[in-house]
Amino acid sequence: MPELPEVETVRRGLQPVMEGAKIVTAEARRGDLRFPFQPDFVKRLQGQTVRGLGRRAKYLLADLGSGDVLLMHLGMSGSFRVIKPEHEETPGEFHYPRGKDSVHDHVVFHMSSGADIVFNDPRRFGFMKIIGRGEIETEPHLKDLGPEPLGNEFDAAMLARACAGKKTSLKAALLDQRVVAGLGNIYVCEALFRAHLSPRRLAATLATRKGEPTDHAKRLVEAIHTVLNEAIRAGGSSLRDHRQTTGELGYFQHSFQVYDREGEPCRTDGCEGVVKRFVQNGRSTFWCPKCQR
């Protein structure tokens, strides 16, 4: 499933062709994706200017001139591509390049610029939903989300408060979207490695008895910032080989320090450890037992 860097890459890829442009017409080529489309889905989009394209955690939000907001989620296999008027196709860069077959093109936005924006989703775990601008805070998919990890409010003190007293593992706490929004398995493994913290460590150890952030919390927040920013600059992570027609995006997997590197040497200078894998809460965890404590 796409994590924050992949969704942010999508947003940046779509922003130039969506923001300020009008959705002349929209097509929903089937009745549902993960959820059924609203009966008036196409009608509410037709003729609307996209005032802005934002992101909240792993969701995209298109702010429409009508006061509505188009909420979009990529699911497991969703991707956008932009077909320009001169028929040059460019990706709205989420890099699991499955499903370019047009049979999986389920939604198309025909923009006033002449470009078409196509949503392709072979597994149909993605969804689109129109809500009122005033409903964002109460929308079930958004209302319980924690702070953005790249936002100003996310710091060591905030993370310590969120984890104080928690008896769950540090990795499980970071994957809890109520604690921090947008992190997933890949970037949690990578951030914990860079902070030299064990995924098995109790989340409560990020806070002192008085609730103040420990050095562990400070290192972890810095590592989260670093990993996410590096991944965004690389266009996210692609776990399958592919090439994009507009350049090399989605190559952060070449910078993985532990993820998907089971049995390989640890990349920490001076560490003679080996990357291990174990299953934690139903997900693969990759770490170096020697330098992550």
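Cβ coordinates come from backbone N, Cα and C, glycine included.
As annotated in Swiss-Prot, zinc finger covers the listed stretch 257-293 rather than the other ranges in 72-108, 257-293. Glu3 (active site, proton donor) sits 6 Å from Lys58 (active site, proton donor), counting Cα to Cα. Taken residue by residue with DSSP, Pro2 (active site, schiff-base intermediate with DNA) is part of neither helix nor strand, so it is coil. A gap of 7 Å separates the Cα atoms of Lys58 (active site, proton donor) and Pro2 (active site, schiff-base intermediate with DNA). Here the Cα atom of Pro2 (active site, schiff-base intermediate with DNA) is found 14 Å from that of Arg123 (DNA binding site).
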